[in-house]
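These features come from TrEMBL:
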type: DOMAIN; residues: 7-107; note: domain 'PH'
type: DOMAIN; residues: 146-232; note: domain 'DEP'
type: DOMAIN; residues: 254-360; note: domain 'PH'
Amino acid sequence: MEAKKNTTLREGFLVKRGHLVHNWKPRWFVLTPDKLLYFKYEGGKRDSCQRGKILLKDCGITSPFLDYENRPLVIKLRTKNGVDHFLEACSREERDDWAGDISAATEKLRGPEGVKGPTLETTTTTTGPQLHDINLIKVLESMYDVHSGIKMGNHLDHGSLYSNCFSGSAVVDWLVFSQMALTRVEALTLASALQEESFLWPVGLKSVEALRTAGLTEHFMDDSTALYSFSDCLKKRGSVKAETSMSAVELSGKVIKRGYLLKQGHRRKNWKVRLFVLRSEPAYLHYYDPTKDDISPVGGFPLRACLVSSLGDNGVPSGVKGNIQGNLFKIITQEDTHYFIQAPTQQQKVDWIEAIRQHT
């Protein structure tokens, strides 16, 4: 029985908000059948001693949780004692997978006669969504509210930087989070209805093309790269503007892969967790500091003419500082800058090398 409780259901990096000091720090999380453990990851290694645990029995889950403006990928866990934990994933898919696995574990702990607590808000249904008795004007007013409404910002699309807009997936997330819809399927139908009434307008190539070519029920896209704005009759919160710059161009490519990796610094040679984002057309690899709310990358480089190679797991490779071993690879840019990167697992190293090679 004890061995079963220690079974690892899922593990990986998440960024956790502190309880006393509300800063964000990457931690290595391990999901077991009855708890979520987290460890500090320092110097390219996971601490053997856990930093904390979250008991899952009678734990409530909110996903997506959208109270943090620049962190749309947060999961909120509330323990049976009313303690809140906020965890950020590296992508929408990772967020939903973590939330689904945690929710499944909490459901099993309740048992057949357990008290049913808060359920995950991102489940799908096989029956068609119902929008009877929904006042679209009230939904629009709530969405437009400057305090609790959807957050508008700057977004890139094919080399153009659009201001005062939001993504399709952000709309669906907000509708579920605000309990305007119970599932993402219902939220997508509701968003399509808002667009059909011209309350929401497509912005940028992807959403405009979807509106032009898709069927009536498929107009709206639950997609982080499809952009939308409020209609022109709602001007108080700013109108949409498009600007083009070199930085906008390099960040405008299609996102191919996202994930947390460890990177060795160029000056101090210390290892830190970074959120890496691989884009194509143009092919770039950018990395972000997950402890900061800044949505701009702290570094990046074009992949054209880059060389990427796997480093051996036996001994410390040349150029790597400290006793760092395992799952390492190196990227040499066209300017002969060397990047040493460590993946959390062997399989992730293989996947990243293959993805980068396809775009060099």
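If you go along the chain as it appears here, the first residue is 1 and each next one adds 1.
Any Cβ shown, glycine's included, is placed from N, Cα and C.
Helix, strand and coil content of the domain 'DEP' (146-232), in residues and according to DSSP, is 35 helix, 21 strand, 31 coil. Residues in the domain 'PH' (7-107) partition by DSSP class (helix H, G, I; strand E, B; coil) as 16 helix, 45 strand, 40 coil.
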